[in-house]
Amino acid sequence: MGSHSAGLEETLGVLPSWLFCKMLRFLKRPLVVTVDINLNLVALTGLGLLTRLWQLSYPRAVVFDEVYYGQYISFYMKRIFFLDDSGPPFGHMLLALGGWLGGFDGNFLWNRIGAEYSSNVPIWSLRLLPALAGALSVPMAYQIVLELHFSHGAAIGAALLMLIENALITQSRLMLLESILIFFNLLAVLSYLKFFNSQTHSPFSVHWWLWLLLTGVSCSCAVGIKYMGIFTYLLVLGIAAVHAWNLIGDQTLSNMRVLSHLLARIVALLVVPVFLYLLFFYVHLMLLYRSGPHDQIMSSAFQASLEGGLARITQGQPLEVAFGSQVTLKSVSGKPLPCWLHSHKNTYPMIYENGRGSSHQQQVTCYPFKDINNWWIVKDPGRHQLVVNNPPRPVRHGDIVQLVHGMTTRLLNTHDVAAPLSPHSQEVSCYIDYNISMPAQNLWKLDIVNRESNRDTWKTILSEVRFVHVNTSAILKLSGAHLPDWGFRQLEVVGEKLSPGYHESMVWNVEEHRYGKSHEQKERELELHSPTQLDISRNLSFMARFSELQWKMLTLKNEDLEHQYSSTPLEWLTLDTNIAYWLHPRTSAQIHLLGNIVIWTSASLATVVYTLLFFWYLLRRRRSICDLPEDAWSRWVLAGALCTGGWALNYLPFFLMERVLFLYHYLPALTFQILLLPIVLQHASDHLCRSQLQRNVFSALVVAWYSSACHVSNMLRPLTYGDTSLSPGASVGRTARVQEELQGLIPISPQEPCPLVPRLKQLISLHTVKNVPSHSVTHEAQL
């Protein structure tokens, strides 16, 4: 063997002898890989996948909010810009990712609930990511309870409750966002607990950093899916802040060590989430570069940054507005409608309906459509010409200008006459000389609101300007009121004298712009119809586009405050509501968002019991009576802070929201209650049951209780999966038995109402099930 080794070493040459010996010893031993597999975790994951992926492509029809999210998936596939006020774009991008993986081309008309999907829609792929998120939430519930240092029995109990809860199953099997939001909520909590538990034995290790960074990433993803995710983010930040405060008081750590801990948490829990949140919008805006139906909500500068639409119209416009420029002026406010300063030959009526008189001058309005009458010419008051000099004389902040209506050549005017619908403001008109004692007052001072210096030039699209009337100091303003029929229902424009400060309704920007060249009116009218020639780029920076998009998303209000299936937060607790998601047109098979009444009621009771016990223990500890050992008390407090705090933060804010609310808004809060429920049960068994007999009786009651939850889940299965024909003729095997138990819940035909579940109500005092969904009703999700 020695000669053989020497020969091999001589052959290799380059290897030192000690390394060669180590290699020989390694080759003499078998290669062994040891893997620890938690079979509980594997089984729970498999069951989660089974319940969520079973017949995922059914029904092959648009189900409730899929009509809403599907539109945006199509926009992503076609790269068309859209604006959705329900939340940031990360969740929409995940759904679109499923469509892209399935080869979806975006060609489907998402116009009604119940519409059959065409063959080009990969419905299994579109529903896959929400289903996977719902399935993985089951083993994560198991791991969270274990990380809180409770028993495997309690952890399995939490996971099994997540597994059989009907509302969670329904929501995760459809192309909806709640299951993905819940997944990242739970991942954030689990990651923080693993980070916290590794704090004592391996700080700053690879695993320590991994779980800390994953906490920040998960929180950012949760917020990026829906704004509701910020509630769980605040929960994690609050608990992390308390732990950091305790860390500062740890005298065993040096000042530099404490500072390192704090900086690590700041980077992972604040800097990383902000960076990722911006990244979501960056990718969103990079993908959606084409003009779409939501463009007009955005500013002219934003619209011009998109391919097609306004960008096509404004391409090549001059940047600087000069005396003689022909412009259209758009209201920056965009409320109640995006509109442009407009005039036409019609005049204000001599006498209004309320008896007040007017100036009978030419009407000036704000018109929500592109029109030739939206064009104005910027005139130098000291000159008569309406063309741009060579070289052009740019208009600057503070300059006095006149605005000449392009088609009628009359000048924008205001005077001490009350506006038609806003009597406290001045009427704005185009001046007609009636040879009476009402002289023209048509001088306006240009005020560039977003100027960088007092000599800034007026720029196309980029400059936001106000027009201050020289004679009266009134500011040109969009009042937003719709004029009567004599004003063609267009929007009222007034001169606002009592202006407390900046308001978007007083601000305008140049959208379309050309340099006027024609001296004669007939030639000028033809010129107003002609395209521009020059080419100047006005691309917005990412931060400018992000800021505007984020502001619009936060301030855009949906006027609908009622919906057939809307509900109040109090109804969620008692489960006195449901949502009819889908109805098969022939078999009456249905999908309803229905919670498991046993689980929902028990979870609410567990929250109450925990709160009462917590304050009872706290009061007794104040009197130096410690009912729980210190480690058990710490586990009890942390579990309550996460679970009860998570429930409260994800539930109570809805009482302050003036928006349409639905039952599915409660699901994130419910998951925290479900986590708390087995923890309370274990606590009762370990600390409140005094004898073995009491523990045995209590365990038997828990088994009976869980069996009832399984029974209710099984009874509601036809409404969870919608794969059971509920017509009178369907009566075979298990389906027939389930149908008999649900008689009265299911309508015999699509035209019949869906009343209360008589059988289920007898068993568990259930709530009402309202009318089945109409296939002609569309729905827009909120929040």
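Backbone N, Cα and C atoms are what each Cβ position is placed from, and that goes for glycine too.
According to TrEMBL, the protein has these features:
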TRANSMEM  31-50  transmembrane segment
TRANSMEM  90-110  transmembrane segment
TRANSMEM  122-144  transmembrane segment
TRANSMEM  150-169  transmembrane segment
TRANSMEM  176-196  transmembrane segment
TRANSMEM  230-248  transmembrane segment
TRANSMEM  268-289  transmembrane segment
DOMAIN    318-381  domain 'MIR'
DOMAIN    392-449  domain 'MIR'
DOMAIN    453-513  domain 'MIR'
TRANSMEM  593-616  transmembrane segment
TRANSMEM  636-656  transmembrane segment
TRANSMEM  663-681  transmembrane segment
Residue numbers, six or more beyond the limits of the transmembrane segment (176-196), whose CB comes under 8 Å of its CB atoms: 64-66, 69, 87, 91, 94-95, 129-131, 133-134, 136-137, 140-141, 143-144, 147-148, 168, 207-208, 211-212, 214-215, 218-219, 221-222, 225-226, 228-229, 232-233, 235-236, 239-240, 243, 642, 646, 650, 664, 667-668, 671
Helix, strand and coil totals (DSSP H, G, I; E, B; other) for the domain 'MIR' (318-381): 3 helix, 30 strand, 31 coil
Same-chain residues at least 6 beyond the ends of the transmembrane segment (268-289) whose Cβ lies under 8 Å from its Cβ atoms: 75-76, 79-82, 88-90, 92-93, 209, 212-213, 215-217, 219-221, 223-224, 233, 236-237, 240, 306-307, 542, 545-546, 549-550
Mean of pLDDT values spanning the domain 'MIR' (392-449): 90
Of 31-50, 150-169, 636-656, whichever stretch has the most CB pairs under 8 A to the transmembrane segment (593-616): 150-169
Contact ranking winner - 31-50, 122-144, 636-656 against the transmembrane segment (230-248), Cβ under 8 Å: 636-656
Residue distribution over DSSP helix, strand and coil in the domain 'MIR' (453-513): 6 helix, 27 strand, 28 coil
